[in-house]
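Asker: One structure follows; several queries about it will come next.
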């Protein structure tokens with residue numbers, strides 16, 4: 001998911017730098033939006049699944065192999081994939097109904113939905129409502145699940161008597177927590193911040209954090 005997500009935006013950016021050309025076609029832009037949103041949603045789902053995996057591993061270690069069986073793992077990944085594809089398709093189809101002026105300049109290194117909506121000549125009220133609604137459902141709800149999982153994990157780890165046991169349990173979660181913090185923190189910063197208050201430069205930096213660094 002990470003490789004595909006990065007591949008959606010980075011190669012085009014590198015080609016633009018090499019050729020000193022910053023152009024992208026209308027079709028190419030919409031295609032980039034779809035793939036970026038699809039893999040963004042997939043990564044979102046996988047991060048939630050990983051949090052649940054760690055919750056089971058630390059809070060219910062003796063039942064781990066029974067609960068996290070291969071069938072459930074594949075089902076969770078498939079569910080994440082379907083939700084992300086449908087969400088991306090919905091946003092892209094809604095973007096298709098918008099009209100744009102010619103020779104637009106996107107203040108970003110890839111076609112990010114939030115920036116494309118700002119450049120539309122037609123009314124984007126429905127699109128903005130959709131962005132807030134989908135971001136809320138596919139962002140806030142999974143993040144709540146991750147927070148709940150880690151609340152239970154911390155509670156269980158604190159009950160471990162040995163310092164070595166606590167360290168081992170926490171070390172399992174550190175990398176996941178760092179990625180979750182970068183991914184959700186910067187992602188929400190881009191998609192839920194007010195359009196009138198955040199600059200294009202800050203938005204681009206935030207996007208680099210959740211598209212490349214994570």
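Backbone N, Cα and C define each Cβ position, glycine as well.
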Asker: Would you please say which range out of 33-52, 193-212 has the annotation transmembrane segment in TrEMBL?
Answerer: 33-52
Asker: For which of the residue intervals 129-148, 149-168 does TrEMBL record transmembrane segment?
Answerer: 129-148
